[in-house]
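S.K.: Pasting a structure here, questions to come.
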Amino acid sequence: MHAYRSHTCAELRKAHVGQTARISGWIHRKRDHGGLLFIDLRDHYGLTQVVLEPESPHFATLERLRVESVITVTGEVIARSDETVNANLPTGEIEVRLAELAIQSEAEELPLPVFGEPDWSEEVRLKHRYIDLRRESLHKRIVLRSKIIDSLRRRMVDENFVEYQTPILTASSPEGARDFLVPSRVHPGKFYALPQAPQQFKQLIMVSGFDRYFQIAPCFRDEDARADRAPGEFYQLDMEMSFATQQDVFDVIEPVMKGLFDEFADGRTVPDEPFVQIAYKDAMSWYGSDKPDLRNPIKMSDASETFRGSGFKVFAGMLERNPKVQVWAIPAKTGGSRAFCDRMNSWAQKEGQPGMGYIFWREAEGGLEAAGPIAKNIGEERTEALRVELGLEAGDACFFAAGDPREFAGFAGRARDVVGAELDLCEKDTFRFCWIVDFPMYEWDEDNKKIDFSHNPFSMPQIDPDDFLKLDADTDADTLLALKAYQYDIVCNGVELSSGAVRNHRPDVMLKAFAFAGYDAATVEEEFGGMLNAFRYGAPPHAGVAPGVDRMIMLLAGVENLREVVMFPKDQQARDLMMNAPAEVELKQLRELHIRTVVPDAKKG
């Protein structure tokens, strides 16, 4: 018999009754019933109940051992009596009567419990993550993570993609976040950077003649933590394809994503239809966000014309003074009560706004009656036209937000979210995907009075390249600000899973694109010379995308924090509490790297 086990703790069944088995694992729980000692023994696979009588020579030892001690048990598999069968356990029809015991490791008093999984502080959980990972729910999520990544790999291979690895030590590049820098011992005063993404490398793979690339790629960014953003490092399904249009990328990734989510849906629905494509401008207007949660059926409407020149002087005055101002109408089915309208008004005040305008409709003699101060101020005709346009009836309401879209679209979007949640309008147990497309290529930088990139500077503009080269920053500023880019995001249930683009593969177009944003050729050559030079020797049109693996797992696992699907995560301050990182290093190590630390004075107060 094997030294540690003949079976796992999830393997024994009624068919094994009468056999001698050896199992190993952690003491999950101990119970003393009628003089008998019952032990739930746990390993990676499951639980098996072990029983021993008071006369057993090992009784006192097992009574003394703390839970989470590791033992090996040898004994006869016996059937449980009918009244003691545990139907919730795969091994619930049997138990092992202990004959031999080997103690592999004794546990000290635990800093956090495993059995029962009570709430515990995140600091304690992360400091003792190896114990936290024994808890069933987290343990299952980490196994789920492995299965999801395996499924992604299989699906990409089925789409004729080949996995290639890109360097971890690379050059610093001015992307969205700060780099993690690695000093070079061999080249004093110079630094590598950990890649924020394999962006330039995957494009160079296309230039190198490979057709379809993918990688489960580690990415490193020195940025602050959020619930949906892990500090320090994360993984993405990085992909790129040659001779590809935007639609080609969609046609590849959609079946991968739908298939993955369907495989791990666990009773939730994944709609069969193609992902909805929503222009960035429409997303901001309809949902107040470029990552809308489409489980919420509310689609906001531009009500600017309803209020222009109306008796509601607050909105009418804003529209008259600033042509950029927009009024959002947020329809609220079933929200037509003064109590709910007052709650929304209070919510807006907590958000730093003076309040929230509203109209609600109720039954009255002779038909519908519109209530609320806005209805009185804009008049019956405008109120009724708005109601008809939005398809609202008695018992419904409409809320209003007004301002410059750059500042107030987000507030309107949050109001939409609150209305949908409070009124229980949102779909449950489903995944709603969409593409956000047609991002603006440029935007006006009011502070510096110049044109600047709006999102991704390396995407191809939606214009004939030769026509783009003829544009002039001074005379064609309006054309440039109206120009869209071949950029796209995947969004699921309000979570941005990925950004992607058709790449700008022509050096002349790239230099011109950067010139419009105020970058001279020398700066572009210095920052991105490696990729630019490669493009000068024959670059295919190419496009790609990179869905975030951690965020996909978070959605499929049904949790709201990435740390619940990462095996060894950092805390909110990007610290590894278990390994005590970051930490000071020896002076000798710094000398070898020809660097020294200059630690700022601690902040007072």
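Each residue, glycine too, has its Cβ placed from N, Cα and C.
What Swiss-Prot records for this protein is below:
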- Glu175, Arg221, His455, Arg503: L-aspartate binding site (BINDING)
- Arg221, Asp222, Glu223, Glu496, Gly548, Val549, Asp550, Arg551: ATP binding site (BINDING)
- 199-202: region 'Aspartate' (REGION)
- His33: site 'Important for tRNA non-discrimination' (SITE)
S.K.: What is the total of other Cβ atoms whose distance to the Cβ of Gly548 (ATP binding site) is within 10 Å?
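M.R.: Cβ-Cβ neighbours of Gly548 (ATP binding site) within 10 Å number 24.
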S.K.: Taking only the Cα atoms, work out how far His455 (L-aspartate binding site) lies from Asp550 (ATP binding site), in Å, as a whole number.
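M.R.: The Cα atom of His455 (L-aspartate binding site) is 23 Å away from the Cα atom of Asp550 (ATP binding site).
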S.K.: Measuring CA to CA, name the entry from the recorded positions His33, Arg221, Arg503 that ends up nearest Arg551 (ATP binding site).
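M.R.: That would be Arg221, nearest by Cα distance.
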S.K.: Write down the Cα-Cα distance for Arg221 (L-aspartate binding site) and Val549 (ATP binding site), rounded and given in Å.
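M.R.: Taking the Cα atoms only, Val549 (ATP binding site) lies 15 Å from Arg221 (L-aspartate binding site).
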S.K.: Determine, to the nearest whole angstrom, how far the Cα atom of Arg221 (L-aspartate binding site) is from the Cα atom of Asp550 (ATP binding site).
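M.R.: Arg221 (L-aspartate binding site) to Asp550 (ATP binding site), Cα-Cα distance: 14 Å.
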S.K.: At the Cα level, what's the spacing in Å between Arg503 (L-aspartate binding site) and Glu496 (ATP binding site), rounded?
M.R.: 20
S.K.: Which site among His33, Arg221, His455, Arg503, Arg551 has the most other CB atoms no more than 10 Å from its CB, taking these as recorded positions?
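M.R.: It comes out as Arg503.
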S.K.: Which secondary structure state does DSSP assign to Glu223 (ATP binding site), in the simple three-class scheme?
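M.R.: Assignment for Glu223 (ATP binding site) reads coil.
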